[in-house]
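Working notes for the structure below.
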Amino acid sequence: MVMLRKGEWVWVDSVIGAPIGARIKVTPSGQRFLVDDEGKEQEASLRVMHPTSVEGVDDMIKLGDMNEAGLLRNLLIRHKQGIIYTYTGSVLVAVNPYQDFPIYSADQVRLYHSRKLGELPPHIFAIAESCYFNMTRHLRNQCCIISGESGAGKTESTKLILQYLAAVSGQQSEQRIEQQILESNPILEAFGNAKTIRNDNSSRFGKYLEIFFNKDGVIEAARVEQYLLEKSRVCHQALEERNYHMFYCMLVGITAEEKKTLRLGDAKEYNFLTKGNCIVCEGRDDAKDYIRIRSAMKILTFSEKQCQEILKLLAAILHLGNVCFEVFCVCSVQVEKSSLERSLTHRSFMTNRERVTKPLSSEQASDCRDALVKAIYNKLFIWIVEKINSVIYKKLSNSPKSSYLSIGLLDIFGFENFNTNSFEQLCINFANEKLQQFFVGHIFKLEQEEYLKEDIVWNNINFSDNQNILDLLAGKSCNLLALIDEESHFPKGSDSTLLNKMNQQHSRDKSYIASRSQYDTNFGIQHFAGVVYYDSTGFLEKNRDAISSDIIKMVEMSKNKLLRQTFETELSTNGGQFRQSLDSLMKALSACQPFFIRCFKPNNDKQSEVFDRELCMRQLRYSGMMDTIRIRNLGYPIRHTFEEFLKRYRVLLKTTICNPKTVSHDAVLLMIIPDSVYCRFHKISVIFVELKMLLLQKSWKQKREAVILLQAYTRGLLARKTAQRMRNDVRNDERFIFNQQNKPLISFVTVEQRRNMPEPADETSAETPGPEIPPPMSTTPIPSLEEDDDEFDEDDDQFSFYKFSELNFQGNATHTHVTQRLRQPLLPHDDEGDTLACLTLSWIILRFMGDIPEPKSLDTTSQASSTISHHLPNKQGRRLSNLVGLDQVKYSECYREQRNRINGEGPTLHRPLSALEKLHIIIGYALSRRDIRDEIYCQICKQLVKNKNRKSRMQGWTLLSICLGIFPPTELFMKYLESFVRKGPSAYGAYCTERLRRIIANGERKELPCWIELQAAKSKEPIDVTVTLMDDRTISLQLESASTSAEVCQAVAEKTNLKDTHGFSLYISLYDKMWSLGSCGKHVLDAVSQCEQEMRRQGKHERDTPWSLSLRKELFTPWHDCSEDPISTDLIYRQVIKGIKSADYTSEKEHNGGAAPQDKSSMFVSMQAPFNNGKQSRESVKGELVDSARKEWPLHFSKFYEVTMTSGPPLPKSRFFVAVNWSGIFFMDGREKRLLELPYIEMQEVHKIRYGPQIVRLATVRGDFDLRCAEAVEMAALIEDTLKGLRQHSVYALAQQDTNKPGMSLQHRGDLLLVEKDEEYSPEETWIKATNQRTSSSGAVYKDTVQFLPTLTRPTEDMLVEFPLHLILFSSLLFGASKGVGREKLWSSSREPLKQPLMKTLVGNSDLSNLACNLLPILKYMGDYPIKHSRSPVELTDQIFGPATQHEALQDEIYCQIMRQMTSNNNRLSMERGWQLMWLCSGLFPPSQNLMRHTQRFLESRPREPLASVCLQRLLKKPRKLPPHLVEVDAIQQNSTMIFHKVHFPNDTSDIFEVASTTTIKELCYSIASHLKLNSADGYSLYLKTPNKVMSLDEERYFFDSLRQTSDSPKKGKRVREANVPYLVIFKRKLWFNVTPGKDQVADLTFHFPQEMPKYLRGNHNCTKEDMITLGGLLFRSKVDSDRSQFVMIPRMLSELVPADKIKIMSPEDWKKHIISSYNKQSGITLQEAKIAFLRTISSWPTFGCAFFEVKQSCEPSYPSTVMIAISKQGVSLINPTNKELLVMHKFSRILEFSSKGNFFQMTVGTLMKSSFVCETTQVSNRLSQCILFYKSVWPYFESSDYEMKHFLTKSFPFFSGLRNGGPP
């Protein structure tokens, strides 16, 4: 514990939701207490404050406490210091001071001009200068987004930037444009700003001012865009608020004559100006402002007449606002008095025949008046903005905008959340959501650039933005704004209908909060800044913003020209107009480099020195600044320059050499922070994750306190003048020894010896190499090896290692021993990461064998690491541990302190490593990278051949034997390795051979080898272990690397004569933690390895790991019988007794807080009472106790699986544990809470989904549960075995069908039967004896007509009701009622058409109901209804299944009608055709979840039908999109369920393949690849070729759906058989990843050569003349083989040998001469080898495997008009088709979007700054888009080629987390 001292600053919790600062103070009596920033005493949890948060920083990126508390406190400190501005990177935070500061003078402009951002203190002029500098320097448009709440200072900030730009530009300008732009502000503020409660000059509209500059940086023009003026303010103002400034300025500024003319009085006389009870605004002079406004109007060329007309309209608005409509208002708007009176008090509308006029009530008239007033003012404001633009944008109106640069200033309303929020707030917050996404994207980009600048790979951050909210508001179909617009156009649309639609459409959206009841008018949205509730009242009126046609006509008759002009343009709805404007704004912003200014107000009272924490924290969140923190914290949030870092933390160094100019940066970093995963040191700075920074701070404080303590102690000694230097020396020695005692000592040495001895390289390892420390004395004799070297290559064995090396080694590599690192792998590898890993492994293997010495550390300090005090884990209860199983030893926890063990080949590998460390590196690579396992074996074998060093050979065989116990080689090297180890030295040959056999039989390991394995490998002896039984006996066994828990359990059972072994499992314990290894194929030493890793994590040595093994009962069967095996019962009994004594077994009442359990002793007495009385034997008492424990504690005898439910009936949680035991299946949330209990009788079926990712489907009477589980196979097998066993032991069965045959028991479907299982019963018999529980009659029953229930007790009636078996029950539940027809009749076949659907759900839907009743083709197909006109079978199946593939609701109806027609149907032909329809239907779509189990029972109850079992299997597929194909219909009509289809290949061959109805394209591709024996199916695809096009087939779609889509008749109304539409199915390579010619000969000859040769001959590649000659010879040989007589044909064959655009560079004869010469040089190779040699040559070209498209473009002037697009795994390249030079290459990560339409293709490239490329192609542009889509979809996997290794190592072995690609240092 660190003691805090007086004066130190800490963080303490607060009521505002974020910690605040507090300082430690001490009373005179020595008592410590906390005083926070506001002077209040605090008593709360605390943590130490970083020094940067104490003092404050000007750039909050530098804060050590990078969280909202740190940001808030920093703003507080600077606010107290009178500092307005603060940076957060390039974002400026401006806090409104509510007072004037002299920091905006001309001197300040000159000071910040030409200075970079960050050189001077934060200032708004610095942002303005950055915009200006970047624009002029980089010739790129800029924008500055200024946001914040009302009163935060947005408007003033905008004016300041504008003034700065005008000042800087005006130095070079001779125009008046700067003044005109500046003078537009007073006008816009007068008409668009007003006094509010929060702000005296609040902008009530959004403004985007775009200023245009020429190339010299001089302002040329500007343009203003306005957004969403608050029109309602004209009519209504809140208390203490005013109307727009212009009204008050006009009334006090106009002359008396003007007042008289306009008949105006004082402001207090007008309702529209007094509703807020505020006429005067302190701090504003309305008279002076009016003079300023008129002056600005003059500068902006407003004519006097225009000004007067504006005043007239303003006066008219005021007059209209008064209750009594003055006559003068008629004069102001210059309309007839009667017309105005009629339009405001009457409403006319058209009926069917005539126009009707209706008088309005006073309230309606007032509303009509308000609508007119708002419309006049809004349109007047728009006109004024357009007038200003006509002046300041005049110069550019006729010039192309692209020839100028611009800086945009966006002053827009901030996020709003009031007590009542309406349509305006929805629009405002929508705009803020858009800007927030833009802001977050920009910050994310800046973070990426920072990391790129520091050369840091930063590809693992996945930051989610607010796209889901934008989709809700305006993105997806039926979004909120679209619904509002849609409802606004409906005459009867109302706010309530709108709200209902929004609730229906979006109630499931997490971002939408529906209204609570039908009377609630509110709905909510989860915005980025929090939840906002909106009142839907008035939404449609505000969106329509409509005025009556009578008023429109009145305006058209007005003599006021300005009024008529403003009403000329009729706008769309407010929402639509705002959305269009916002889209335009975002497009403009995206084309600019953005800067952000976040304006904050410190309080709501406009006081200058008050800082409201809660208000400011809310603004931090609203402004998106917290997203900056979150993005930064995802990477490395803490940054220091090297000098700062070294100055602060040099105390942690163990050396005095620390000159920042000479010391190695990497060395210093490793000495101070060994865990380099958490920090990066690159060009100029050190950056950390927050956790590591906290640990570093803690370590620094501990060191500082230690230094202070030492200083105080030393001063005390000096003060007392104690000259005991010798004692001080002794103390120093003792302190040094104490530090070393935390490291395991290899041998005991004296203090003097230790002084002269270097520190060990690895303080935790006993095998530390190097001469510094003597090796330990070993008690195990060194195994003897033959003195002569082993000559493995001097025999004629066909599987010798020598022959393998000749066939497979690349380059000049030999098969014999070397003493140097490999420069390239022995075997070829496609993956670059594999190649680099092999080179690292070569280094480590040589070091393990001692063929090269261990490297020395960088310096002596790097070998030492800080000793961490380690404590054993606290003892915890086992209840949850037993529930989870392996939760005690997590992979992610192991080696957390040793993350620096491996970091590629960086400094952490350039140090002495122990043998175990080197072994872990080698095995770790093998486990994570399967493709390099043969390479590892080859490198080891190579080092053993002709190795003269005996010790090296011994180490090599040790390494080889350990590898053979962990992982096997591939089939390629298997026989060679077997031969190699057989011929090894006698000491190891048989030993290694047996280990290889065992690991092949038991499967590869999952964990790193343990320390005990390394010791055992050295001695070649098995590992002796003991297994403890519950009766405290120990069984001695021997383990080896491949031993499994099943083998151990079996061995224990044999030694103890245990017969009933079911449910007994092997357990491993570490301290007080224990977990099950089961009795399966889990490797025992994998669990031991985990224990050793846990010890390593605690800082202890692996050899000291106190693990132990025991045998325990883990699971009971439901039919467990204690009398069968007394030994088993005795062991379980003793386990129960121990569990009771240790309180491991407790009742559920105790868990749930019920009554306390009875005393243990009394429990024992009661259990043994019968025995003590002599009534029962000891064995029977034990049996009863075991049975009691089994029934009382089922959860204690359960198998637990952690699962995630992906689908199924709703549960409180989707992630939980599944407990499988004898009584059923429990869904558990922890130990105590049960989410669901499923008795086995409710289980219908369990299976692992074939194509799903480890998903088990539990089919129950309550629905189907899909559970994702890492142990899915094991869980499914356990449940399935239990169900199978229960049915075998059960005597209860249900009748599946009616039986009334003579001699047999009479039964009805669904009857419960009690089966007699006596001595005569045999499972093989076809009939059984049973008693019907309904009728009590007994008799014989056919076994295939009943279903045994998985229960040992009689099911209750409730259970039987919940166990639906037949469709009569289903019809009673879901079928609609039919007049005069009983349920039985409704579920029987009939020749009469249905008059209404069977399903209730369709009755209310007229369209679907008609479709369901029109399913007469079912009767026609089955022959139960006459056909008037000839119809082909496929036409009938189209009519049956076509509607159902489009309407999912019809699918159950189809199933029910088919099954209905097959029930009680005695027509054999009709039944045969019914089964055909069922076969087709089951291959198209599955029934719903409700119908699924009934359909399954229908099929299961007809086992004698051949197609029943086939249909049952087809039910599990996903639905298809189209009706059956003709091929399917023809096949089933011929009673064939096997369909074959021809597939063509690029080399002009073809083959026939079986295709099922439910075969997907992906499955067919894998089937073809398997048939052709390709190495992999990845990258291949099926194509469909028709006379019109060639299209790639989607691998996720069904094969016949794809055929049907392209083969349907193109002309409507014309019947064409599908077979008449010609098509070909082609299989070829689509994606060219990891294609290495020669690796897969079948792929090379069948696909690669025939696909690549045409591209070469078309001239798509850039190649040299020498390449063309070589390739010409190879192509010639591929055509004529060895027929030299064809030489004379070469001139005629040039188009088949040479690229088309290169034929003319030589004469035909010259080509002939060169090609013959090349051909002769290649003599001796076969035709196939020539093709592969051709591929090898072109595979080195960057355009190998590209898809080429020639296009025309005009969007990029620097490119030729015709370019060639090449698409490959690298990206999209644009190539000059003339010289084949690369113009540009866009990686897929930079391609934001692309689309095709007709022959045009468009692609948008960039990150935030987008650029578009548009071209025209003569081919179908859709092919180009498809090709990019295919590559882009797999590009992330290709870019992360190292992902599997990283994921495996980081999860399983955290100390590998720093591993790069294993490349050379």
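Even glycines carry a Cβ here, placed using N, Cα and C.
A quick note: this is a predicted structure, and the numbers were derived from the prediction, not measured.
In TrEMBL this protein carries:
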- 55-701: domain 'Myosin motor' (DOMAIN)
- GLY148, GLU149, SER150, GLY151, ALA152, GLY153, LYS154, THR155: ATP binding site (BINDING)
- 582-604: region 'Actin-binding' (REGION)
- 753-791: region 'Disordered' (REGION)
- 817-1018: domain 'MyTH4' (DOMAIN)
- 1389-1533: domain 'MyTH4' (DOMAIN)
- 1539-1839: domain 'FERM' (DOMAIN)
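Projection of TrEMBL feature records onto the structure.
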residue	record	Cβ contacts under 8 Å, 6 or more apart
GLY148	ATP binding site	ALA94, LYS154, GLY414, ARG598, CYS599, PHE600, LYS601, GLN619, SER623
GLU149	ATP binding site	ARG198, GLY414, PHE415, CYS599, LYS601, GLN619, TYR622
SER150	ATP binding site	THR196, ARG198, ASN199, SER202, SER203, PHE413, GLY414
GLY151	ATP binding site	ASN96, THR196, ARG198, ASN199, SER202, LYS601, ASN604, LYS606
ALA152	ATP binding site	ALA94, ASN96, GLY414, CYS599, PHE600, LYS601, GLN619
GLY153	ATP binding site	ALA94, ASN96, CYS599, LYS601
THR155	ATP binding site	GLU189, ASN193, ASN201, SER202, SER203, ASP411
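Cβ contacts within 10 Å of LYS154 (ATP binding site), excluding its own Cβ and spanning all protein chains shown: 27. The ATP site is set by GLY148, GLU149, SER150, GLY151, ALA152, GLY153, LYS154, THR155; from the centre of their CB atoms, other residues of the chain with a CB within 8 Å are ASN96, ARG198, ASN199, SER202, GLY414, CYS599, LYS601. Over the domain 'MyTH4' (817-1018) the predicted model carries a mean pLDDT of 77. For the region 'Actin-binding' (582-604), the DSSP counts in helix, strand and coil order read 9 helix, 8 strand, 6 coil. Residues of the domain 'MyTH4' (1389-1533) grouped by DSSP class, helix first, strand second and coil last, total 91 helix, 1 strand, 53 coil.
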